[in-house]
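Below is one structure, written out as structure tokens; the observations come after it.
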Amino acid sequence: METLIGLLVAAPLLGAAVLLCGGRRLDRTGHWIGTVLAAASFVLAAVLFADMLGRQGDERALHQHVFSWIPVGGFQADVAFRLDQLSMTFVLLITGVGTLIHVYSIGYMEHDERRRRFFGYLNLFLAAMLLLVLADNYLLLYAGWEGVGLASYLLIGFWQHKPSAATAAKKAFIVNRVGDIGLSIAIMIMFATFGTFAFGPVLESVGETGEGTATAIGLMLLLAACGKSAQVPLQSWLGDAMEGPTPVSALIHAATMVTAGVYLIVRSGAVFEAAPAAQTTVTVVGAVTLLFGAIVGCAKDDIKKALAGSTMSQIGYMVLAAGLGPVGYAFAIMHLVTHGFFKAGLFLGAGSVMHGMNDEVDMRRYGGLRKYMPVTFATFGLGYLAIIGFPGLSGFFSKDKIIEAAFAKGGTEGWILGGAALLGAAVTAFYMTRVMLMTFFGEERWRNAPAPSPEQPDVEPAARGEYSVPHPHESPKSMTIPMIVLAFGSVFAGFLFSWGDAFVHWLEPVTGFEHGHPPVSALTVTAATVVALVLGAGLAWAQYGRKPVPAVAPRGSLLTRAARRDLLQDDFNHVVLVKPGEYLTRGLVYLDHKVVDGAVNGTAAAVGGLSGRTRRLQNGYARSYAVSMFGGAAILVAATLLMRAV
Amino acid sequence: MNPVNYLFLAALLFTIGASGVLLRRNAIVVFMSVELMLNAANLALVTFSRMHGNLDGQIIAFFTMVVAAAEVVVGLAIIVTIFRSRHSASVDDASLMKL
């Protein structure tokens, strides 16, 4: 069985190699090759899962040592895989959602002449992501970490002929790089302290190294997680990443890659348990981000950017839970999986709407679409109910548990974190209801589309050239079937996971588990969550359901305008990082021109001038040469006589 | 007669020769001035030979005459060639040895 683990990674990697090297002759069959290999990986994962279920508790983990990667003296880097319950969960999510999105992309990218390349990149992403979650040491994890960053860059910038897409890809890559530095420093500290970076030895001995080292490693890992998972302060790239094709947003920027940070924190749980300061920082980052993303999500008119804000916010929940320690790990992963289902479903729904609306993304030019796209409406609606935590759907079970765990942190901290999570739940209900109402209900604003509003030049009409009234229609089967499957997941996953605490027991051997004890009863927390959700949804209905939605965005309050600009995140980065950077480079260029070049040029000028003067002596007049000869001889004689006399 | 007077004469001749080399432009005159300086040196050598009572100075004077004769041959040849090509014997006109 162990030998199959490597094949999980190998299948999509083979697909990427074949598709990217195969050239144009694969244009007709490329998407099938990619999809079949992704599905093969999923089948393998299912076989391994069945096998794992056949064993008990601690014996479930499998290890595979493939080869020694870099054996140099004390530096032993292996390509080794570990398939335990945590990795298994991720592998099933990645290959499952990945396969569905491959199927969806067949329809979505049908008219794109570079479809083969798109599938090659998708397969590359799957391979890197599987490497990330299957690695048995931090160095191999780092390789996967960089691999998904590369795939993300390639896919965000897939439509590179659009300058906005090319810029967004670069932005994502650079911001991710800041986080990657954190991961590489963490690995270096690990190697310096423990002499190894394999999960087993590092996580076993991190408790004995002292809090300082553990805190340093923990904070660096958190920085890495912030970059990859778009958490404050490295969240600015996720909104722009929506420039990529919608299946990419669903797979990479909602369901899988952006959750890698949560995986890293949960996997390194022992590090954070040894460093309470780092752990508290994780919860703070999570709480801040979940509110930040939710507020941004409320103001965006671009449907994908609203969903991106939501993704940020939901990952904030996961990070918050992961920062709570063994009380929260299982719920972080559970929310991650349910989020993978409903957010991927929501994104695919958004893609389906755009597909039927001439690639229009501005929700103010949607409206009343439910009768034109019944399947999309139903699946999107189920995803919507799941994300806001409607009782009985999957988001309810996972989010409610996280809010409970946050309250169970105890003391003032518990109240603050729990309150933030509860407030986040209300805001989530608000913005998702807003998306829902603006897209599928109300009047059909797309019939007489106005000119783009000057307030938001970033919301470009994707309809090339002049405006044409779109003809909304349901998407083909290849797109609706994945949406239906994901909708099933959104509805039932939470219930299945919570049945007898199945998910918690499943993860317990890897992550450990403690029961949290909230200061108020669990039932009260649940009731409060439901009240928050009703309040949020009601407020959204009052604003967007009862009154007609203006087709041009109103000016809005100060907060709305700030939120439309991602709460001034880019302006902040511009002022704090970009401007000083520019000044620094300008200063360095000035220094280079004036000091370094000045010294070199000055020396040259001095030597040149001196030679010019010296050259005058060589004037070609024999008589002046004779004068110097006589002069020299006279000086010699005078000197000789003088020496004699003395 | 006091031999020192010959030394004064030699110094006078040398000075005249040196002035001629430095001040005259005509190559022939410069050349003759050079000869004058050589012969002033010869005179000084012979005088010192006489004063010190050995023959070393006279021998060197003979060497100088031989070298001067050879130099005249080469030098005059050069001057004649320059005159033929440039129609001038001025040393300032032949100022080609410069950058």
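Including glycine, each Cβ sits where the backbone N, Cα and C put it.
Annotated in TrEMBL:
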type	residues	note
TRANSMEM	A:31-50	transmembrane segment
DOMAIN	A:69-119	domain 'NADH-Ubiquinone oxidoreductase (complex I) chain 5 N-terminal'
TRANSMEM	A:87-106	transmembrane segment
DOMAIN	A:135-417	domain 'NADH:quinone oxidoreductase/Mrp antiporter transmembrane'
TRANSMEM	A:141-160	transmembrane segment
TRANSMEM	A:181-203	transmembrane segment
TRANSMEM	A:209-227	transmembrane segment
TRANSMEM	A:278-299	transmembrane segment
TRANSMEM	A:306-324	transmembrane segment
TRANSMEM	A:330-351	transmembrane segment
TRANSMEM	A:372-394	transmembrane segment
REGION	A:449-472	region 'Disordered'
TRANSMEM	A:481-500	transmembrane segment
TRANSMEM	A:520-542	transmembrane segment
TRANSMEM	A:625-643	transmembrane segment
If one takes Cβ-Cβ under 8 Å and requires six or more residues beyond its ends, the residues near the transmembrane segment (A:31-50) are 1, 4-5, 7-8, 11-12, 14-15, 18-19, 62, 83, 88, 91-92, 95-96, 98-99, 102-103, 105-106, 109, 115-116, 119-120, 122-123, 126, 130
In the domain 'NADH-Ubiquinone oxidoreductase (complex I) chain 5 N-terminal' (A:69-119), how many residues does DSSP call helix, how many strand, and how many coil?
29 helix, 13 strand, 9 coil
With the transmembrane segment (A:372-394) as the reference, which stretch in A:181-203, A:209-227, A:278-299, A:520-542 has the largest tally of C-beta pairs below 8 Å?
A:520-542
